[in-house]
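Inspection log for the structure reproduced underneath, given as structure tokens.
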Amino acid sequence: MANKTALVSLHQLSVGYALPAGRNVLFENLGLTLNAGELTCFMGPNGVGKSTLIRTLAGLQKALSGEVHYGAGPNQSPKGPLPHQVSVVLTDRIATVQMDVRELVSFGRYPYMGWGITLSKDDQQKVSEALEEVHIQHLADKKLYELSDGQQQMVMIARALAQDTPVILLDEPTAHLDLNNRVEVMNLLRRLARKLNKAILIATHELDLALQTADLIWLAGRGKTLVTGIPEDLVLSGVFDEVFQFKGYDLKTGKISHEAYRDKMISLQGDGHAYLWTRNALERNGFSVTSPGPSLPHIDVVEKDGHLRWIINQKTSFDTLQSLLTHFI
Amino acid sequence: MHWIHRKSWIILPLLLVLLFIVNLGLGSVSIPPGAILSILSGSETANPVWRDIVWEFRMTKALTCVLAGGALSIAGLQMQTLFRNALAGPDVLGLSSGASLAVSLVFMSQAAGLQMLSTPSPWAIAGAASLGCCGVFLVVIVIAQRLRDNTSLLIIGLMIGATTSSLVSVLQFLSKPEEQQTYILWTFGSLGRLNWTEIKVLTSILVASGLVALFSTKALNGWLLGDNYAQSIGIHLNRSRLVILLTTSLLTGGVTAFCGPIAFVGLAVPHLTKLLIKTHNHKILIPAVSVGGGVLMLFCDIVTQLPGSAYVLPINAITAMVGAPVVIWIILRAKRLSV
């Protein structure tokens, strides 16, 4: 990607609230872009101003100073009004739960309709396409209150898609979802960015998911500015540790760090997932795990007839990790 | 079953016509249905006294029912959508209380030491009620410009209502019993006071505001998603809120001025209508509730005349008596009200 097309450009943008007592500035002098075909994850601790920046980019609140420029190219004026440029998925709940899914997704076509709000053939086509893209055609006639949280979020994404904008901004789209739904939402958004060449910005604090799906990270939390880069660069530079002040979480290995409180070494041999999870079980219970050495209790992880077995000092054998742990503790 | 839902809107206009005819047939003078039909068809042979009764009293009253019910229901629907609150009604903005305060000032001013009018004429009362509504409306608009969220506006409307009601109580405390009685009679509401000129005025208000409400359909539908989503799909929040508040005030003010503070219709009709017509689209709801409002008012007015036919009960007592159990029944049935 030598020539990226910027669909949103921020020019010396300052974001926050103008209060009677003075200005509460959350971000200052931002100069960033969102590019076509890229999924950007906007990360930072709670309360740092992620929602405020999303709202400002979406035109829902005024910038303190500076500009947000929409459309491809720096000197090109945006085509049509803002709702033709950018759509949003917010944390607001929809109160009208008796509405059906197709009705809600149709709201995405409002920026293209007159006061008579009649859906043209083209509008109906766009609504159906949006439902298909998110794989929720089968939910089209369901009422909102019949949906699970994950399904509701998919509907809100379909609504944004029906708005047919080059840019989609999402505020915490995976909050309140279980792991499976979180992964599904993130994968969907990445696929949409690539396939439909959209610029997608997701505000989230789901660190692990963001690191594995984002093309680019905007990281907030150090001063009133944003650090940007691809996920791997930011992990290795240590800037994440600085911002999030991890307590017992090692980002580089992606694991929770355990204290070896039993003061007891165990040597372990095995391979693959079985080795990793055995090690995890031992470390979680306060043992230090090393590679094979003399005069240490030794565990072999072996697979026989599709069953895992743990053998201590080549004598005692266990068929679950739980029974192995009971032996040691 | 499906086609019943789709065609169910036909019930409303049919009911309206039916109740309208029944309403014309009822009154303290009994006129046979055949005579009423011949009077309506413009026949010259009809009894002239009966003709006067039908045209000058019953027809104006029935039309007032249709107009007032329609106006209050559109106002109620708009308020429920704007505030996304199932219990909102045209009176929540404090408009009716504003009207009440102004009217009570007219009736009871002497007690407070002010000589505003020697004898309150109907037009003076209508004028006072309109002024009261307008006054409260202006306060609400000024506050609405400063507030971003509708819930605060709703609470402020209720507070304005509470304040004006307490001012009315003070006035009542200071006034003579006869004056109080005239005021209390006004608060009962009345549908039979309007002459043809006043009906024309009320019709213009309803038609004009109804059309503006129809033009606000997109904004009203957009509000269903909440402020942020509405704005993100291109609804101008402040402008549409102003238009919605303006039409609501005109509708409520107009009806209150001519018929007194009629309670409950604005709150109940949108819910009753949505029970019959399951949609959230205001393009359908606005015409539907305006017809539904007429139906409920005609029905309530028929109930006021039924017992013995000699006395006519106050309309305000009946609207709540009919409306409240219905709303309770809906809530118990549906477990939740949809806005």
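The backbone N, Cα and C atoms fix where each Cβ goes, glycine too.
Annotations in TrEMBL come from automatic prediction, not curation.
As recorded in TrEMBL, the features of this protein are as follows:
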TRANSMEM  B:59-80  transmembrane segment
TRANSMEM  B:92-111  transmembrane segment
TRANSMEM  B:123-144  transmembrane segment
TRANSMEM  B:151-174  transmembrane segment
TRANSMEM  B:201-221  transmembrane segment
TRANSMEM  B:242-264  transmembrane segment
TRANSMEM  B:284-304  transmembrane segment
TRANSMEM  B:311-332  transmembrane segment
Using Cβ atoms only, state whether the transmembrane segment (B:242-264) and the transmembrane segment (B:311-332) have three or more pairs under 8 Å that are 6 or more apart in sequence.
yes
Contact call for the transmembrane segment (B:151-174) and the transmembrane segment (B:59-80): at least 3 Cβ pairs under 8 Å, seq gap 6+:
no
Between B:59-80, B:92-111, B:201-221, B:284-304, who has the most Cβ pairs under 8 Å to the transmembrane segment (B:311-332)?
B:284-304
Surrounding residues of the transmembrane segment (B:59-80) on its own chain - C-beta under 8 Å, 6+ positions past either end:
16, 20, 23-24, 86, 88-90, 92-93, 191-192, 194-196, 199, 202-203, 205-206, 209-210, 213, 216, 220, 244, 247-248, 251-252, 254-255, 258-259, 262, 265-270, 273, 282, 285-286, 289-298, 300-301, 339
Surrounding residues of the transmembrane segment (B:284-304) on its own chain - C-beta under 8 Å, 6+ positions past either end:
9, 12-13, 15-16, 19-20, 22-23, 26, 61-62, 65-74, 76-77, 191, 206, 210, 213-214, 217, 265-266, 268-270, 272-274, 276-277, 312-315, 318-319, 322-323
